[in-house]
Amino acid sequence: MAAEGRKKHAVRLNRSCILIIVVASVERFAYKGVASNMVTYLTDVVHLGTSEAAKTVNNWCGVTSMLPLLGAFLADSYWDRHSTILGSSFLYVTGLAALTAWAVLHSHMPSSSLFFPLYLISIGQGGYNPSLQAFGADQLEKEKSPPEEEEKSLFFQWWYFGICSGSLLGNSLMSYVQDTYGWELGFAIPAAVMLLSVAVFAAGARFCVRRDVADGSSRPIDDIFRGLKQALTKKLATREVKLPAREDDDVELEWAASSPTPEKKAGAGEHPTPWAGEVILRLLPIWAMLLMFAVIFQLPSTFFTRQGSAMERNIGPRFLIPPATLQSSITVSIILLMPLYDKLIIPCFRFLTRREEGINVMERIGVGMLLSILAMTVAALVEGRRIRAAAASDRLCIFWLLPQYVLLGISDVFTVVGMQEFFYASVPSGMRTIGIGLYLSVFGVGSFLSSALIWAIEEVTSAGGTTPGWFSDDIKDAHLDRFYWFLSLLSTASFLLFVILCKTRRDTTT
């Protein structure tokens with residue numbers, strides 16, 4: 001009977017969802033084709049130090065992941081999602097083309113001018129990514145009825161499968177092209193492919209559902225300012241005022257604000273719609289506990305890549321593995337595991353928990369956080385072994401890094417997909433782009449937090465630059481293993497707080 005019920009609710013994605021997932025995977029190919037090897041480009045071509053290059057990439061990735069929150073507010077408040085996608089894609093493609101031009105002319109350009117194309121890409125992504133994902137989820141409402149939980153889960157799982165497939169090609173193919181045929185071609189291909197994907201999206205848009213922006217009275221960005229004003233007014237007005245007119249007791253006057261808050265607008269028996277600021281504030285504690293996962297998320301494109309450059313990379317007499325290529329093992333893990341999630345992993349959790357859904361969204365996120373802690377532990381052990389091998393004039397094979405990459409890939413299947421579903425489902429329908437922006441902003445703030453940690457640790461361990469620190473430019477003098485142990489400790493504390501918050505959240509909703 002249970003099997004029959006599950007069969008009854010089996011769903012399939014429509015062609016507009018499939019089109020958008022394909023377009024998203026091509027965008028990831030273009031972005032990862034540029035970002036995955038950027039540390040190598042900054043150290044080898046721009047001649048930055050290791051820690052400076054890592055901080056530069058972290059800051060760029062941070063801005064790239066934070067701007068979608070602003071783009072989401074604008075898309076949900078003033079523009080429709082389809083127009084936002086088309087407008088921001090123009091900036092995106094222009095940034096990629098400008099980066100290609102910079103690679104050709106870099107010998108005649110100041111190094112600071114590289115930031116113009118990089119941050120133009122960031123601005124383009126700021127509107128493109130959250131709008132595209134929310135626009136894709138809108139296609140589930142084609143029949144004017146709310147999508148089932150199975151439909152949303154299916155969409156977000158295959159969305160992540162698609163972007164990981166694009167990331168895999170971007171990481172592996174483009175890092176090889178850049179290391180073998182040069183950076184000019186290595187940046188030109190992502191620009192051309194991104195332009196092609198925008199053309200395909202524009203041509204296929206007639207098959208898609210378009211939702212118009214809400215009226216100005218219900219714009220989320222206006223609602224936030226209005227809600228904050230009402231909250232401040234209510235806070236000031238509800239303070240206790242004691243009047244000494246009575247002998248036996250004090251009279252407490254409480255004035256109720258004459259203008260109703262959004263919660264009061266609902267009629268009797270209706271569920272009130274919270275104002276946008278309240279929704280965001282309610283999500284902030286969970287959002288904050290995910291930041292350490294986002295810090296770890298940055299490592300494959302920074303220190304893992306630098307770590308691999310100091311290891312034995314030869315296969316045969318001629319082929320040299322580009323260190324950024326190992327980032328592909330993350331996406332390979334995701335691509336292999338994602339189709340098995342519903343058919344193998346969920347039945348296992350169903351057996352363990354004795355629940356029909358097997359595992360809920362918050363538990364899914366928590367499992368991924370645990371796996372990321374395990375990945376940091378493995379990374380610290382491997383780096384310690386590499387340091388000991390280097391001290392003995394030996395070089396450890398680069399494939400020793402595979403376990404930490406694979407563990408991070410598996411953790412992504414749980415945490416990243418769970419985050420997408422959680423933030424999308426936790427906001428009203430008119431704020432869905434903002435929900436996606438909140439999810440992306442975790443990685444933006446995580447990038448800035450990573451840069452801050454690197455700066456602070458570098459200052460302390462290098463005594464202000466007088467001695468080699470944990471992030472020494474000479475990898476032989478560096479101690480990345482200690483950094484990985486430190487991240488493991490911080491992530492464990494973050495995970496424990498996450499568990500407490502989830503329990504509190506569950507208790508308050510029951």
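Here the Cβ of each residue, glycine as well, is placed from N, Cα and C on the backbone.
Between the stretches 58-77, 158-177, TrEMBL puts its transmembrane segment entry on 158-177. The recorded stretches the transmembrane segment (319-341) and the transmembrane segment (158-177) share 3+ CB pairs below 8 A when only pairs 6 or more apart in sequence are counted, and are therefore in contact. Here the transmembrane segment (361-382) has Cβ contacts under 8 Å with residues 290, 293, 296, 299, 304, 396, 400-401, 403-404, 407-408, 410-419, 421-422, 425, 481-482, 484-485, 487-488, 491-492, 494-495, 498-499, 502, 505 of the same chain, all six or more residues outside its ends. Against the transmembrane segment (436-457), stretch 279-299 has more CB pairs under 8 A than any other of 158-177, 189-209, 279-299, 402-424, 483-502. Below 8 angstroms of C-beta separation, residues 13, 17, 21-22, 24-34, 36-37, 133, 136, 185-186, 189-190, 322, 324-325, 327-328, 330-332, 334-335, 338-339, 412-413, 416-417, 420 of the same chain, each at least six residues beyond the ends of the transmembrane segment (158-177), sit close to that stretch.
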